[in-house]
Amino acid sequence: MDYKSSLIQDGNPMENLEKQLICPICLEMFTKPVVILPCQHNLCRKCANDIFQAANPYWTGRGSSVSMSGGRFRCPTCRHEVIMDRHGVYGLQRNLLVENIIDIYKQECSSRPLQKGSNPMCKEHEDEKINIYCLTCEVPTCSMCKVFGVHKACEVAPLQSVFQGQKIELNNCISMLVAGNDRVQTIITQLEDSCRVTKENSHQVKEELSQKFDTLYAILDEKKSELLQRITQEQEEKLSFIEALIQQYQEQLDKSTKLVETAIQSLDEPGGATFLLTAKQLIKSIVEASKGCQLGKTEQGFENMDFFTLNLEHIADALRAIDFGTDEEEEEFIEEEDQEEEDSTEGKEEGHQ
């Protein structure tokens, strides 16, 4: 449904139009000049300036010799944040279309005759308009109620004066509430920034912690490789020694076996002269071979590798004790260890004496 058809359907297009021309701050019809916000909502310039000043109390006004900086406030209709340049509210564009519509509306209203139902009427006196305000009962009423009715003994005031005072008070309350909302929004923004910084800081310390543990892993891997290499070297040296002994004993065994075979063949010689030619030398070789078996041997426990055993309990305890702490706690811990070492050294020296 378009704007024109909606006005016709409502039955009172002028009243509907007037609702569209009400400022959300002062609740009055827009006063010139009317400024249009970036969100396309309208405000009286004075009202816009009031909420701008409330949201930016340290902003320098027009005409100051000090260089001005911009500010910001939120639209009271949609809460959209409006960012101002150094001109403040005076940098906003005027909505000439709305101003022209207001002029046409006022001309139309002035040319129309005053209708009886345009002002609220008193319920007690149907022909009397409500034109005064009872300060005692705090309700609007009519002159007849003051003269003859229930408000005869009450204190009254002109309706217009109370009306203006109440509007000013309400306007101030609105400005105060808008300023309070801006402060709350500022706190929310600060808390959101705090969340973001907390996440960034957490990510940073996690990265640093991971790097430190990666360094520990690298040190452990390097040390592990070094110790394994030392075990492998010891293993190779022992195996080399044992294999050399095996080779020597194998050669001695082969030599003895051949000598036995030669001796057995000599025993089978039927001729005494032939036997005697070789027997003496053969017996001498066998005796020397029996006495000369003085090859090296491995000592008892030669195969053991127990001296490569590590006691890592204190290192495991130190790793389990890794925790977050201050530099002061680390310094105190180092000082305690140094003190224990000094006490232990002094005790040993006293024992020797």
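Every residue number used here counts from 1 along the chain in the order it is shown.
Note: Cβ is positioned from N, Cα and C throughout, glycine not excepted.
Noted in TrEMBL for the protein shown:
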type: COILED; residues: 217-266; note: coiled coil
type: COMPBIAS; residues: 325-344; note: compositional bias 'Acidic residues'
type: DOMAIN; residues: 23-79; note: domain 'RING-type'
type: DOMAIN; residues: 117-159; note: domain 'B box-type'
type: DOMAIN; residues: 267-325; note: domain 'COS'
type: REGION; residues: 325-353; note: region 'Disordered'
Overall pLDDT of the domain 'COS' (267-325), taken as the mean: 81
Number of helical, extended and coil residues in the domain 'COS' (267-325), per DSSP: 32 helix, 0 strand, 27 coil
